[in-house]
């Protein structure tokens, strides 16, 4: 029985470890991989934290509701993600992949698992740690939860040793 990984899910938070994982995604082209689902999840919990923080500081504006502020923040974060993903998408297309890019707002590990299922990917390739990169822990919480909850194979790429 031969295992083929034709369709890859590459979730990124644009961290250094995610960049290292991208190199591994590209290497799968030599193994006949054809398509990459490029995913960025805007963490809805972070948006809620920023809402509270901004309201406490009063920078949300006197005439804005929490909902308006939340929508502005989601739009801003989505626009930033689109710009970063455009470069990654081009890199992947340059090595011959068909690329579908997705940006969603939600709980990162839940969205990664859901999109892996919805898109019918063969493997998930992701970094071991995200932006927090706590050195004391073996795996980041998003990666750990994806491993626990997904029925897809997960290739976890380690961060650089420091």
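Glycine is no exception: its Cβ is also placed from the backbone N, Cα and C atoms.
Now, the feature entries from Swiss-Prot:
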BINDING   11, 41, 127, 128, 129, 130, 131, 132, 133, 141, 142, 143  ATP binding site
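Under the DSSP three-state reduction, residue 127 (ATP binding site) is assigned to strand. Annotation note: residue 142 (ATP binding site) sits in a helical segment as assigned by DSSP.
Counting only same-chain residues six or more apart in sequence, the Cβ atoms lying under 8 angstroms from the Cβ of residue 11 (ATP binding site) belong to 18, 39, 40, 41, 108, 112, 124, 126, 146.
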